[in-house]
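Q: Here it is: the structure, laid out below.
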Amino acid sequence: MAGEEASDSKVSLRTFLEHLSGAGKAIGVLTSGGDAQGMNAAVRAVVRMGIYVGAKVYFIYEGYQGMVDGGSNIVEADWESVSSILQVGGTIIGSARCKAFRTREGRLKAACNLVQRGITNLCVIGGDGSLTGANIFRKEWSGLLEELAQHGEIDKEQVQKHAYLNVVGMVGSIDNDFCGTDMTIGTDSALHRIIEVVDAIMTTAQSHQRTFVLEVMGRHCGYLALVSALACGADWVFLPESPPEEGWQENMCIKLSENRARKKRLNIIIVAEGAIDTQNKPITSEQIKELVVTQLGYDTRVTILGHVQRGGTPSAFDRILASRMGVEAVVALLQATPETPACVVSLSGNQAVRLPLVECVQMTQDVQKAMDERRFKDAVRLRGRSFETNLNTYKRLAIKFPDDQIVKSNCNVAVINVGAPAAGMNAAVRSAVRVGIADGHKMLAIYDGFEGFAKGQVKEIGWGDVGGWTGQGGSILGTKRTLPGKFLEDIAQQMRTHSINALLIIGGFEAYLGLLELSAARDKYEEFCVPMVMVPATVSNNVPGSDFSIGADTALNTITDAFESSLLLAKARKQHREFCVPVCVLPTTISNSVPGTELSLGCDTSLNAVMETCDRIKQSASGTKRRVFIIETMGGYCGYLANMGALAAGADAAYIFEEPFDIRDLQSNVEHLTEKMKTTIQRGLVLRNESCSENYTTDFIYQLYSEEGKGVFDCRKNVLGHMQQGGAPSPFDRNFGTKISARAMQWISMKLKESPGKETPRNWQMSVQYPPPPRAPPPHGASKLPPCSPAAWAMPRQAPTPERVCV
């Protein structure tokens, strides 16, 4: 059934695209305001989607200034003009702030330049100011054309032919300060730059026992400061939306000195550039430094990151987000009517939505108004659920209350890592330990997976023991793929010995199978009747039961059946009281293969590793000319890494298990590459999932391409291997692991309070899901995309394989 639905969805999408026509239409794309990484990916998507549907697409160089000046600033784009720009930061078409466009005279010139080229569709990539300007331009359009006709600059026929202007916006801003979207283009990349700097600074700070005050961008929005503080475990953070309470100077000094007393050799303080106190007075980095030096005598340094946050290559998240938004922007323009209001393409949870531009801008301005009026709780609320959750999670993890102020639960909660290592596992463990201690539980760490559990490798872990774990890659606790089936007796004995009342499992598909085995054994071992939760951690992102699972293949159907059978096993608790304990599994696997979640911990870091390697390989291929690379990625039977890596890197094709292919498809791609070598883009990149086909192996595809491409191109192959599991976690995985672990511990605490001990059989199985349940309704008038719209594709799974075209 799942396979039929996936097939129907694919047919509907194909039909939708085939009937979408842009013939006779012209689209202008411009970037305005401050630049942001990922803008080029958005420009590329607009150009290629526009050409795909038959429309003309024009670059408008230097933002609104280029629109006013006209001439060579407005140039028609072709397919090759946006090749090799995915990995480039900033914007290739330039951005400038234009005073002339703020006047009616300037907008008259801009309208004249657009009409002369037949452009009546504008795609604007920028912040709230740029989008507001576009909406004013749209409202004045008919009046501007009438005035131009009166002056004789255009004729009546042109006025009638170009009677109305369609405007669609995409928010490109590293600040993430635009209401209506969970993430703006460039924010994730800016977080990468910040965390790279913080990780580097922490090594020198630890050597000299220093305190560092880091100032990050964001203007009047504290998102970058908050998330970077959460991702690096900062000691203190200053935000404009949530100023510190009166007496913060003393409280901060106490916090810093307490951390030093716990043998912590450094302190990190994150300051948003727009930080204020409760009286709306600025709090500066130098002010904080002087306070720390004067009150504590610590060796303190100030680092202002500045424009380094805007630079560098875009992250995988930003490339994919911008590509999706660019496609949807073109679709929105082609579907627009004279009555359609200007809209902005936004991200809500994991879905792309179109929201009314005016309402989103108004909400954004309401946040600033709330801060000006010192209504800081309203400001936090208006920033959105994600911001509020991040802030509450940071506060809970950053402050350790004295033991005499914590109500003890007399419950022991164990944490275990299972499966392959995945970036973010350690952040998840840190979060679980600290939230558990704050809830009054005794936290136990299990080393080396179920095998270590059976051997008794169980040890109490404290608040300070997990300090600095957030940025560590791999698994500090140690992890193995071994399932608990052959160790059930020993594991039950260890649960009795340590009086374990709940279990938190962080891992991949092996963690999920392990949970099922423990559940199935509850009729024999009462020790397994505890609450259990799983947090998905897998680079492959192959968890069935989510919106992204295709479900058409045998492997995924088998996993789905296992998921359904686990519910039946849980019913056995009524007969076996041993199973009546909370068990929690946190899916942590780069494969993203755990049922019930759309994203697994570790897959973002792994995707960035694949993307960065592909960027380097493309550069090599471009230098040698007429060379094609075959890249094999991990992921088991899930094509997440190969598919999304291909989309982020601009590959020619991706071969995945979920989308069957045969020798004709391989031959077709060879023919495409042969034609491509006749253009100015003389290189090729093909990604292959390691288990996409039993017979069409990497070696086979390499040999086929080498033989068929003789005399036209040569071929090389690369198996990326375990480098996809290594490295420091990305900001997304650090933040994601921290939040879902905290959520898992909240669930465990709730279940333990509901039924202390092991009296009442319950279905105490849970898998923490991402994204969380549906958020509050979007602003009035917001409309979800048509089910068949390309931008409705859930991110990061189920995106289309890149077209076999020049990239």
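For all residues, glycine too, the Cβ spot is worked out from N, Cα and C.
TrEMBL lists these features:
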REGION    1-399  region 'N-terminal catalytic PFK domain 1'
DOMAIN    27-332  domain 'Phosphofructokinase'
BINDING   Gly34, Arg97, Cys98, Gly127, Asp128, Gly129, Ser130  ATP binding site
BINDING   Asp128  Mg(2+) binding site
BINDING   Ser173, Ile174, Asp175, Arg210, Met217, Gly218, Arg219, Glu273, Arg301, His307, Val308, Gln309, Arg310  substrate binding site
ACT_SITE  Asp175  active site, proton acceptor
REGION    412-807  region 'C-terminal regulatory PFK domain 2'
BINDING   Arg481, Arg627, Met634, Gly635, Gly636, Glu690, Arg716, His722, Met723, Gln724, Gln725, Arg775  beta-D-fructose 2,6-bisphosphate binding site
DOMAIN    568-748  domain 'Phosphofructokinase'
REGION    770-807  region 'Disordered'
COMPBIAS  770-780  compositional bias 'Pro residues'
Q: Write down the Cα-Cα distance for Gln725 (beta-D-fructose 2,6-bisphosphate binding site) and Met217 (substrate binding site), rounded and given in Å.
A: 31
Q: Secondary structure at Arg716 (beta-D-fructose 2,6-bisphosphate binding site) (DSSP, helix/strand/coil)?
A: strand
Q: At a 10 A cut-off on CB-CB distances, which of the binding-site residues Gly34, Gly127, Gly129 has the highest count?
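A: When each Cβ's neighbours within 10 Å are tallied, Gly127 tops the list.
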Q: Return one of helix, strand or coil for Arg301 (substrate binding site), based on DSSP.
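A: Note: Arg301 (substrate binding site) is in a strand by DSSP.
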Q: Given the binding-site residues Arg310, Arg716, Gln725, which lie close to Gly34 (ATP binding site), meaning Cα to Cα within 10 A?
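A: Close binding-site residues: Arg310.
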Q: Using DSSP reduced to three states, classify Arg97 (ATP binding site) as helix, strand or coil.
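A: Looking at the DSSP assignment, Arg97 (ATP binding site) belongs to neither helix nor strand, so coil.
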Q: Name them in sequence order: residues not among Gly34, Arg97, Cys98, Gly127, Asp128, Gly129, Ser130 whose Cβ is within 8 Å of the mean position of the Cβ atoms defining the ATP site.
A: Ser32, Gly33, Gly126, Gly133
Q: Starting from the Cβ of Cys98 (ATP binding site), draw a 10 Å sphere and report how many other Cβ atoms land inside it.
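A: Within a 10 Å radius of the Cβ of Cys98 (ATP binding site) lie 21 other Cβ atoms.
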Q: Which one is it, among the binding-site residues Cys98, Gly129, Ser130, Ser173, Arg301, that lies nearest to Gln725 (beta-D-fructose 2,6-bisphosphate binding site) by Cα separation?
A: Ser173
Q: If you count Cβ atoms within 10 Å of each one, which of the binding-site residues Met217, Val308, Met634, Met723 comes out on top?
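A: Counting every other Cβ within 10 Å of each candidate, the maximum falls on Met634.
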Q: Looking at substrate and its recorded binding residues Ser173, Ile174, Asp175, Arg210, Met217, Gly218, Arg219, Glu273, Arg301, His307, Val308, Gln309, Arg310, figure out the farthest C-alpha pair and report it in angstrom, whole number.
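A: Largest Cα to Cα distance for the substrate-binding set is 32 Å.
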Q: Between Asp128, Asp175, which of the binding-site residues has its C-beta surrounded by the fewest other C-beta atoms within 10 Å?
A: Asp128
